[in-house]
């Protein structure tokens, strides 16, 4: 009798517990704060597809070589990354101004519209030469990305003022994970039969059954981006009592939970005063130096691997796995910056990235599918930390009010360096062995780390 009673009680209690859990979960998911965070994540998924350039470059360059631009090379794709970085750097401050004048939603709508429409227009521009592609798949999408990059993040900081590292990591995880989906989608769309470049073609595709799909690919991608971005922008609800939308301004203290590890907010520093400090100049210089390796990896990693690994589907899959490492890395480093100092995080990130870049060009790495995969995962998982830790560190150093605009200005350093890197990389790739470009990137990481520890750390 007792056993039957206990059994009946469990049957009655367990469904109630399950229903209670689902009710709380549903309530959390439909909160405006959660929806705003998801919307920001969704926007960054599409903006982060620039990391598919290493995968799409093999199809794009091969198509251009056969349709009016026979001199196109894989090394020329560095100009796409660099022009994207230039566009993003120039517009990040403008995005903050639009957000301050109107709202995060308006800034994101403008940036996302420019981003997706530019990608669509590349379906036509690839028939007009490299310069047209630089504009439609490099500069203009980068400019749109800059408008929509920081604004959803600052909006998220307004909803969760005490978890800036977690918010930055979560949103920027979207920037990393976009490659996971779209790398495989690109290869499935353009090269569904997993064909490899023919012998004697110098690593370029010449098969019409592949190249004929390339123009339509950009229309396909741009349409998907636009749909996802529209949903994301609609979900960007404005935080309550956010008097200054641009930056990371917190809601009033009496309306947010008290956390055990909450740190005292830094003194707010004006934009003009902040950019005159030694800290700003060192961070500006170091960011520009160390991040040049990201542009190189994003453009050329797959092209070097193709020399030793004749499996296009596997290389695309590796790129997708790298995007997961990129995504998780942004989240993990975001959590780390909430607990540890920027100096510790920056030193670890730069050391890991520089070491793996140094090892990558050796044949024992490039000829092994497993080692190439592990090295690629480490590279993407490490450099993703720069993107998560810098915004939080700037907020701590200069205050929350103008940190978004300050980060936008620091991002310009990558754009300036990107132009020089494109010239240098194009020359080095075409005239020297694969070791020289990789070793040059390693030198930049050592240089950036040295400058930081010599002139920034007190």
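Backbone N, Cα and C define each Cβ position, glycine as well.
What TrEMBL says about a protein is an automatic prediction, not a curated fact.
These come from TrEMBL:
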DOMAIN    32-458  domain 'Major facilitator superfamily (MFS) profile'
TRANSMEM  34-54  transmembrane segment
TRANSMEM  74-95  transmembrane segment
TRANSMEM  131-153  transmembrane segment
TRANSMEM  165-185  transmembrane segment
TRANSMEM  280-301  transmembrane segment
TRANSMEM  313-333  transmembrane segment
TRANSMEM  340-359  transmembrane segment
TRANSMEM  371-392  transmembrane segment
TRANSMEM  404-429  transmembrane segment
TRANSMEM  435-457  transmembrane segment
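Across 34-54, 131-153, 371-392, 404-429, the stretch most heavily in contact with the transmembrane segment (165-185), judged by Cβ pairs under 8 Å, is 34-54. The list of residues near the transmembrane segment (74-95) in space but at least 6 beyond its ends in sequence, with Cβ under 8 angstroms from a Cβ of it, reads 50, 53, 57-58, 60-61, 107, 111, 130, 133-135, 137-151, 203, 295-296, 298-300, 303, 405, 407-409, 411-416, 418-419, 421-422, 425-426, 429-430. Against the transmembrane segment (131-153), the recorded stretches 313-333, 371-392, 404-429 differ in Cβ pairs under 8 Å, and the greatest number is found for 404-429. Highest Cβ pair count under 8 Å relative to the transmembrane segment (340-359), across stretches 34-54, 280-301, 404-429: 280-301.
If you look at the transmembrane segment (34-54), the same-chain residues 6 or more away from its ends with a CB under 8 A from one of its CBs are 28, 77, 80-81, 84, 108, 112, 115-116, 141-142, 145, 148-149, 152-153, 155-156, 159-160, 167, 170-179, 181-183, 186, 221, 224-225, 228-229, 231-237, 239, 297-303, 319, 322-323, 326, 380. Long-range Cβ contacts of the transmembrane segment (313-333) within its own chain (Cβ-Cβ under 8 Å, at least 6 residues beyond either end) map to 48, 51-52, 54-55, 166, 168-170, 172-181, 183-184, 186-187, 191, 194, 302, 305-306, 345, 349, 369, 372-373, 376-385, 387-389.
If you look at the transmembrane segment (404-429), the same-chain residues 6 or more away from its ends with a CB under 8 A from one of its CBs are 73-76, 78-79, 81-83, 85-90, 92-93, 95-97, 99, 146, 150-151, 153-154, 246-248, 271, 274-275, 280, 283-285, 287-289, 291-292, 294-296, 299-300, 390-391, 394, 398, 436-437, 440.
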